[in-house]
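In what follows, a structure is listed as structure tokens, so that the remarks can point back to it.
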Amino acid sequence: MRILTGVQPSGKLHLGNYFSVIRKLVDYQNKSDLFCFVADLHALTTFSSAKSQTENTYDAVCDFLALGIDPNKCAFWIQSEVPEVTELTWYLSMSITVPKLELAHSYKDKVAKGIVPSGGLFFYPVLMAADILAFNSDKVPVGKDQKQHLEYARDIAEKFNSQYGETFKLPEPEIDEETAIVPGVDGAKMSKSYGNTINFFDDEKKLKKSVMGILTDSAGVDESKDYEKSIIYSIHSLFLDESGKKDLQSRFTNPGTGYGDLKKALLETILDYFGPYRKEREKIAADPTYVRSVMKKGSDKARAASSQILDKVREKLGIGISKVSA
Ligand code: ADP
Ligand code: TRP
């Protein structure tokens, strides 16, 4: 079973990324054939400077390595270092229409906000389909917001198969309902683009600021609080097992604990949980030679796998003249 996923390096990792995708990946690399990459080409759709593009990519790589992605157990690479994917993007673009691409949420939402869309933004779902189809992926773990992109990948694969003959497997999305949408500090979906994230690799001071900024109602210390409606609870419960959740629930319902204390408890949980990863991250980030060598190994693995699919695709499309005989 090949499992593939990508994470866009357009900022620091947050709890939404961690609980929907990253935590599972470490598990998958022991049980399955895991393919995982840093989607730096997709990040160009929100480009600000070359410096931050490079830094964000390096940061994301270090984050994943520190969180336990083991290059010996999976294929882990940087998207732009596997050019087969961009080549496949072009081939796949013949298997989707402009009216269909105009329906993509990622594109429509930006247009609705008055942003003049680039061609790259419009093509985003095609590049993502290529990411997935270039590796014959069976399963793609993502957050709920990526559901439509997975549908595009399947549609494109089906259309290509019907146009040129059976070539691609149809990938299945894997969306974990419980952690499908992790709320941000304001209650909306936690997202870099909304500025409402809790970035677990931030220093303690910044983390504290984020956690203390979580929106609450006005219930006082002596009042019972509705944990089901609380953002603090929604986030904290992600770290807890059933008995931990019960304990936390009673701290909400029994009067005597204020929101300030509940936030402090959450902050402590975050610091404890990510403490060891934070130390590991510092070590890794200080050794770019090691990081580069690991990523080269990863892209070699990924290129070997995608080359096989690309050979098939080129043949189906009659690309090149290597097969012409006298
Ligand atoms: P962001 O929305 O912050 O830009 P990304 O688009 O980089 O995050 O998301 C990386 C992965 O994490 C994707 O699979 C995405 O669906 C998932 N993800 C991001 N935010 C959340 C969230 N709040 N809840 C659940 N999953 C999320
Ligand atoms: N678009 C995804 C996101 O924003 C990142 C991504 C790019 C991806 N290519 C992918 C995820 C392929 C899964 C599979 O989260």
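Placed from the backbone N, Cα and C atoms, the Cβ positions cover glycine too.
Whatever TrEMBL says is automated annotation, not expert-curated.
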| Which range of 9-17, 45-53, 252-260 is motif ''HIGH' region', per TrEMBL | 9-17
| note | As TrEMBL has it, motif ''KMSKS' region' corresponds, among 69-73, 79-83, 189-193, 204-208, to residues 189-193
| remark: Sequence-distant contacts of the motif ''HIGH' region' (9-17), meaning Cβ under 8 Å and at least 6 residues beyond its ends, amount to 38-40, 43, 46, 56-57, 59-61, 63, 143, 181-182, 184, 189-192, 197-202, 235, 238, 270
| said: Can you go through the binding-site residues Gln8, Asn17, Asp131, Lys144, Val182, Met190 and pick out those with a C-beta less than 6 angstroms from ligand 2? | reply: Gln8, Asp131
| How would DSSP class Asn17 (ATP binding site) in three states? | helix
| message | Cβ atoms within 10 Å, counted per site: which of Val182, Met190 has the most, among these binding-site residues? | response | Met190
| query | Greatest CA-CA distance (Å) over the residues Gln8, Pro9, Ser10, Gly16, Asn17, Gly143, Lys144, Asp145, Val182, Lys189, Met190, Ser191, Lys192, Ser193 that the record ties to ATP? | reply | 19
| Across the motif ''HIGH' region' (9-17), what is the average pLDDT of the model, as a whole number? | 86
